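Note sheet for the following structure.
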Amino acid sequence: MKAIKGMPRDFSYWIIENRPFSSIEDFITRLPKNYKKLSLLSPLVELGLFDDFDKNRQKILVNLPNLFVFVEELGGLFADASYSWTEADDFSEAEKFYKEQELIGVGISAHPIQTLAKQALYPATPIATLTEGSQATLLVEVQKLKVIRTKKGESMAFLQVHDSKSRMDVTVFSDQYRKFASILSEGKFYYINGKVQSRDGRLQMIAQDLKEAVAERFWIQVKNHDYDKEISTILEQYKGSIPVIIRYVEEEKTIVSSRHFVRKDSTLQEKLEGIAMKTIYR
């Protein structure tokens, strides 16, 4: 914990000397009053020190102020009382990684790109292995996005991307930018396919295709191909960035749809009721 900026040494010693703790509530109950500060506990939560009790770091952070009040009012009776936790959506894996990096200079969680690579939809080439003149697909995060106007008054973009190990510049000309402008944003992850060129002694890519890379999938389980057309029509109404995976039970075959990417919407699942055996976002 000494790597955490501003963390008092005596607080670190107190934790070491008083462990183990049976729960977050137990920790808060035993915590001396002078340490009951959000500024001290928030970094511990964001670094995952309470993950053994609850992996939802956002939920813990949201509840900390009320936990302090609850303990203060009940005192020793807190152990016999039942605290009602407020639910909250957890941070994304990317948010966890970058918060850890911000706090101690290095990410403890798996890098988001490494997580995405484990379930990649397309084979991706590491930036470090690219060669001039090659056609390649990258799995990268957009760190910087700069949009300019051409002499013809059209928009195009320059991207600075990285794959967790190497960086590269990517140019998105006007025709492609029109297609992808709505999904392009700094801090997001993409599959970018294009031609590798050399400029001023450095390799860069001219983007030809771009798809958002997301960890979530939309799974559809069906008996056979009888409703393929109907399913396709419904999926077209919910276009987004989430890949669609279809499981055909009779064939014992699973396919990743190359045509369909959807958004997360409960009405999509409702429309597929009666056609699909089961649907799930996972």
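Note that Cβ sites are derived from N, Cα and C of the backbone, with glycine treated the same way.
Note that TrEMBL annotation is computational and uncurated.
TrEMBL has this to say about the protein:
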- 1-59: domain 'DNA polymerase helix-hairpin-helix motif' (DOMAIN)
- 147-211: domain 'OB' (DOMAIN)
Counts by DSSP class (helix H/G/I, strand E/B, coil) across the domain 'OB' (147-211): 7 helix, 38 strand, 20 coil
Mean of the pLDDT scores, which run from 0 to 100, over the domain 'OB' (147-211): 95
